[in-house]
Amino acid sequence: MSTESSTAGTPEGTTTTWTAAQVARLVDHTLLKPEATPADVAALLADARRLGVLAVCVSPSFLPLAQTAGEGSTDGLVVATVCGFPSGKHASEVKAAEAAAAVAAGADEVDMVIDVGAALSGDVDAVRADIAAVRAAVPAPGVLKVIVESAALPDDVLVAVCRAAEEAGADFVKTSTGFHPTGGASVHAVEVMRATVGGRLGIKASGGIRTAEAAVALLEAGATRLGLSGTAAVLDGLPQG
Ligand SMILES: O=C[C@H](O)COP(=O)(O)O
């Protein structure tokens, strides 16, 4: 990734200069565990403001967040939620209805999960149509991110679903739900995604990112957004400022 905040790849050396504040502005601070409570959401929002992140990502049942955590609780924060999460096996019309409800309840961004099995069986048309159905429910300026569960996909399928996401009008492709047994984000997957749609779509790395080193590696590989449930630990490992 070419960015002012990194000097990696320069003739002078390979030192990265990402600061905690710079990385925070690329973070969706995330709480998607099934056992989350409204008190956990209130704590997430307080942490988000303290850490200076861009966005929070919560389960759709917590929307509208003003009802869950109080008026003003999202001031200065982008609100993201998920759709068809985490399996992606919901019917397209159910995903679209869920996304429309999320937007009506104040979501600025919707992270939908594709049907991984459809992708693996080569039915890219079904994947594209599924994404397009949700896109129609999340009109601009709403932001649609497409979770492809990259660890479950061979490279050729990952490329095909990234292309399908672009053709269906998505704003981002996103590596992982964080709930799939094959694992989360990898540098390799982000590199493949960048090579396929980078510069036109955003690339969100998420799932299993626990350290500053892992986060920086993914940013250097081309991620333009990070989904983190362990945000404080990641930011604590970076130079402050
Ligand atoms: O979409 C974001 C992920 O669910 C976050 O995954 P994580 O809990 O492994 O950081």
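Glycine is treated like the rest: Cβ placed from N, Cα and C.
Computed from a predicted structure; not experimentally measured.
What TrEMBL records for D111 (among others) is active site, proton donor/acceptor. D111 (active site, proton donor/acceptor) falls within a strand when secondary structure is assigned with DSSP.
Residues or ranges marked as active site, schiff-base intermediate with acetaldehyde by TrEMBL: K174. Listed in sequence order, D111, K145, V146, I147, V148, I203, K204, A205, S206, R225, G227 are the same-chain residues six or more apart from K174 (active site, schiff-base intermediate with acetaldehyde) with CB atoms under 8 A from its CB.
The annotation active site, proton donor/acceptor is assigned in TrEMBL to K204 (among others). Its Cβ placed at the centre, K204 (active site, proton donor/acceptor) has 30 other Cβ atoms within 10 Å. A strand conformation is recorded for K204 (active site, proton donor/acceptor) in the three-state DSSP classification.
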